[in-house]
Amino acid sequence: MSDNKVNLPLRNGVGIVVLNKDNKVFVAKRIDNQKNFWQMPQGGVDKGEDYLTAAYRELEEETSIKNVELIKECDGLISYELPKNLLGIIWKGKYRGQEQKWFIMRFLGQDNEIDIKTKHPEFSEWKWIDLENITDLVVDFKLHVYKDVKEKVKEILN
């Protein structure tokens, strides 16, 4: 592990905005965080995997959600950097942050299909919230990502 943040690469990742029929956004509380931080499903891209495949895989791995339709693949990539206190802890110290491709999807199923008690659970609870509130619940170092994503979703909904 390098102590020099600049020398560490960004991890390729995906993020998924899941909207229900009422245009509420799926968020979940991380199991490894004592504070009241919530996030949308997200995760890394495996070697040889394209972004969309990674998005579907991460969504199912974290939430058991399969019944979705793709609304939009957002343009560009959005990156965030880990704060110093998390370097060397998250992702085994291999990355300084994540560069993400975001997708907006519509959940077509019923709430009882959502199960966060997966093989490797990441979340302790989940809920649907208004789009306007997604920036109120996120950890500070991802705030700019969620602001950007919120604007992209607003463009779709308006």
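Quick reminder: no glycine exception, Cβ is built from N, Cα and C everywhere.
Looking at 21-42, 43-64, the stretch flagged in Swiss-Prot as motif 'Nudix box' turns out to be 43-64. Residues of the motif 'Nudix box' (43-64) grouped by DSSP class, helix first, strand second and coil last, total 13 helix, 2 strand, 7 coil. Using DSSP to sort the residues of the domain 'Nudix hydrolase' (9-151) gives these counts of helix, strand and coil: 38 helix, 49 strand, 56 coil.
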